[in-house]
Amino acid sequence: MALIVHKYGGTSMGSTERIRNVAKRVAKWARAGHQIVVVPSAMSGETNRLLGLAKELAPAKPDTAYNRELDMLASTGEQASSALLAIALQAEGQPSVSYAGWQVAIKTNDAYTKARIESIDDQRVRADLAAGKVVIITGFQGVDENGNITTLGRGGSDTSAVAVAAAMKADECLIYTDVDGVYTTDPRVVSEARRLAKVSFEEMLEMASLGSKVLQIRSVEFAGKYKVPMRVLSSFTPWDIDIHEEAKSGTLITFEEDEQMEQAIVSGIAFNRDEAKISVLGVPDKPGIAYQILGAVADANIEVDVIIQNVSKDGKTDFSFTVHRNDYARTTDLLKDKVLPALGATEVVGDTKICKVSIVGIGMRSHVGVASKMFRSLSEEGINIQMISTSEIKTSVVIDEKYMELAVRALHKAFDLDQA
Ligand code: ADP
Ligand code: ASP
Ligand code: MG
């Protein structure tokens, strides 16, 4: 008998028919003698619908009172899907109970809309499991120390599931979704993408942070920190497939780097359309400019990603960086109003129609020429590289958004990712 956490995403919970299917699958696992905790997402489209209603009444803004209400609102999506799943399980003859995050309680900090989990009290969950119930815990949410409901950021149910698995020392966390595992790149963009039977935790962390939305990055961080065995698999297989076959399907996130992994130089390609580029032009080249520019941005709680500073000519230089597109207007306004006059720089210009494409692989550590192969492949397609950033196991380029799919396809082929 094992303690297993199942997580089902929005599409998997998308209709009463699908919820019934999830219930049959979960009941099958419980009948096999396992203790099961299920963490569901809201039904697909529900979180967007709720947040859309809020925006009809007042546009999104960096305002604590407003964000608190967004969390009150968005958290109801998971509350509904969790109760529906409990009802479906009971209809299957499987005793089940659902809890909202605050009832467990999953304690978080008070950063509304992007709260972080601080602790989980699993007492009542364990008691229910011992009584033979399947326990359902809403994904995506928790409660702060003053009793306010918080949410964990978009895609946050993955993090709820892994955090529950970590807190309860579960034997495994199974992330059921609408694809049958982690692919070399998004299979909806490149049809030749291949499923990876295993991916190292480090690579998964890079892929998630570079834009592969199959797992929320915080969930991978949790899995790494607490060594939670984790697998991504499909909720669209027939619910009654053999449980042993199901347990081995999908993609395992592994903490060991085996020989086969070392052979693959590049394991996957990630892309991200959520960023915008900002350049401060004609900055006097003297000590402290990076701090003056990026310090002001950080003070406004805006995260910066790729950064480049050019060589100076006649004592002046250009300084560019990327931020999330949602922060673009705020960042340029801030630079124009406060930083430009203080620095004596010439101009702030920006571009929101960019994307970041990255190759990821632990094999890159021990191979030279990987980045240059990437650049050659992009040049053969006539794609101009605007920015580059590298780390030990990834190389990212910022390019014009309209070439994103072309770039991902070309790189997928250049690194033979379509070959088994
Ligand atoms: P869920 O609702 O189950 O959480 P998501 O939509 O958040 O599902 O994540 C699954 C989606 O992630 C897939 O439908 C796929 O389009 C996308 N995706 C992006 N990159 C990858 C990748 N490398 N492998 C698999 N899926 C990916
Ligand atoms: N329902 C939330 C979202 O749409 C959380 C999740 O699905 O993981 O972002
Ligand atoms: Mg998701």
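Heads up, the Cβ atoms here are built off N, Cα and C, so glycines get one too.
Remember, TrEMBL labels are computer predictions, not curated facts.
Copied over from TrEMBL, here are the features:
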type	residues	note
BINDING	Lys7, Tyr8, Gly9, Gly10, Thr177, Asp178, Tyr183, Arg188, Lys213, Val214	ATP binding site
BINDING	Thr47, Glu78	substrate binding site
DOMAIN	278-357	domain 'ACT'
DOMAIN	359-420	domain 'ACT'
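Structural mapping of features recorded in TrEMBL.
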residue : record                 : contacts (Cβ under 8 Å, 6+ apart)
Lys7    : ATP binding site       : Val38, Val39, Pro40, Ser41, Gly139, Ser157, Asp158, Ser160, Ala161, Cys173, Leu174, Ile175, Tyr176
Gly9    : ATP binding site       : Ser41, Ser44, Ser157, Ile175, Tyr176, Thr177, Asp178, Ser235
Thr47   : substrate binding site : Gly10, Ser41, Ala74, Gly77, Phe140, Arg154
Glu78   : substrate binding site : Pro40, Ser41, Ala42, Ala100, Thr138, Gly139, Phe140, Gln141, Ser157
Tyr183  : ATP binding site       : Ala193, Arg194, Arg195, Leu196, Val214, Gly268
Lys213  : ATP binding site       : Gly155
Neighbourhood of ligand 1 - binding-site residues from Thr47, Thr177, Tyr183 with Cβ under 6 Å: Thr177, Tyr183
Lys213 (ATP binding site) in three-state DSSP notation: coil
In three-state DSSP terms, the structure that Gly9 (ATP binding site) belongs to: coil
Recorded ATP site residues Lys7, Tyr8, Gly9, Gly10, Thr177, Asp178, Tyr183, Arg188, Lys213, Val214, farthest C-alpha pair in Å: 21
Where Thr47 (substrate binding site) sits in the secondary structure, as DSSP reduces it to three classes: helix
Of Lys7, Gly9, Thr47, Glu78, Thr177, Tyr183, binding-site residues neighbouring ligand 3, Cβ under 6 A: Gly9
Candidates near ligand 2 among the binding-site residues Lys7, Thr47, Thr177, Lys213, judged by a Cβ under 6 angstroms: Thr47
Tally of residues which DSSP labels helix, strand or coil - the domain 'ACT' (359-420): 30 helix, 14 strand, 18 coil
Neighbour tally for Thr177 (ATP binding site), based on other Cβ positions within 10 Å of its Cβ: 23
